[in-house]
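Taken from TrEMBL, the feature repeat 'WD' covers 134-175, 178-219.
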Amino acid sequence: MLATGSADCSIKIMDVERIIAREVRGEVSLTENGPDAQHPIIRTLYDHIDIIVSGANDFTVKMFDFSKTAVKRAMKTIFFKRQKIECYCFKEVEPIRALSFHPAGEFLLVATSHPTLRLYNIETQQCYVCSVPTDQHRDTIMDVNYSENARLYVTGSKDGDVKVWDGISNRCIETFQRAHDGAQICSATFTRNGKYILTSGLDSIVKLWELSTNRCLIAYTGAGATGVQEYPIQASFNHNEDYVLFPDEKSGSLCSWDARNSDRKRLLALGHTAATRTFRHSPTMPAFITGSDDFRARFWYKKLA
C-alpha cells in the first residue's frame with residue numbers, strides 16, 4: 001500500500017499491486033486534483049495493522065483505520081491493538097513536520113515547527129519530551145526516523161544539526177553540528193543495519209555518516225548544479241541499499257549514485273512540470289513515488305524481465 005497527502009487536505013491510499021497490474025509502460029501518474037488549501041498533509045503507514053497517521057499545518061495529528069470502506073472522519077477514539085481503532089486525533093501547538101512510528105507500534109515520534117521533539121504513547125495518549133532542554137534542537141525539526149531495532153532515532157533540523165537519540169532514555173547521545181555546512185537539514189534516516197545515517201540538506205548534497213566514528217564517510221554531489229534548491233526534499237536508498245537517490249529540484253530529474261563509492265549514475269527525468277516536493281522509495285521492491293506542486297503523484301517501478 002502507498003498513501004499520498006495533498007494540499008487539498010485529502011489523503012489517498014492506493015494498492016501497489018493493482019497499480020503494477022495496469023502495466024502502464026513502467027510509470028503511473030496519480031493525479032491530485034483540487035484547489036490549494038491551508039493544511040498540507042504529511043503521512044506515514046504503520047505496517048502491522050491497517051492504520052495511517054497524518055500530520056498537517058492545522059497542528060493536528062490524526063490516526064485512521066483505513067481497513068473500512070466508509071468515508072474516514074476524525075473521531076477522538078482509540079483502542080489500538082486489542083480493540084478497534086476508528087480514528088484518533090490530538091492537537092499540537094505547531095504545524096507538524098514529520099512523523100515516525102516505533103517499529104513495535106506503541107510509540108509515535110512527532111516533529112513540529114517547534115525545536116522540541118515529542119514522543120507519544122499511542123495507547124495512553126500521553127506526550128513525553130527529553131528531560132534535558134539542552135539536548136533539543138534550536139529550530140524547526142524537519143525530519144525524524146527510528147532505526148529498525150528502535151534502539152536509536154535521528155532528527156534533522158533547520159538549525160543545520162543532525163541529532164542521534166537513545167530510543168530508551170529519550171536523550172540525545174550524539175550531535176553532528178553543521179552537518180551540511182550550516183544548511184538546513186531536509187532528511188535523516190538510518191541504514192537497515194543501524195550503523196550509518198543518510199542525510200540531505202538544502203545545499204543539495206547527500207551525506208553518509210558512520211555512527212561508530214561520528215564522521216561523514218561519503219558525500220554524494222552533483223545535484224543542484226542547475227539552480228539553488230528552494231524546498232526540502234528527502235534522500236533515500238533504494239530497496240537493497242545499493243544506490244542513493246535524490247530528486248534535483250531545478251532540473252526535474254532524479255539523481256542517483258552508487259552507495260559505496262559515490263559514482264554518479266544517469267539522471268532519470270521525473271516528468272513533473274513543477275518542483276518535486278516529496279520522494280519515497282519502497283523498502284521491499286524497485287519502486288518509488290514522487291509528489292509535486294503540479295498536483296500529481298507519480299509511481300515508478302522496474303519491470304521484471
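Backbone N, Cα and C define each Cβ position, glycine as well.
DSSP labels the residues of the repeat 'WD' (134-175) in these numbers: 2 helix, 21 strand, 19 coil. Applying DSSP to the repeat 'WD' (178-219) sorts its residues as follows: 0 helix, 22 strand, 20 coil.
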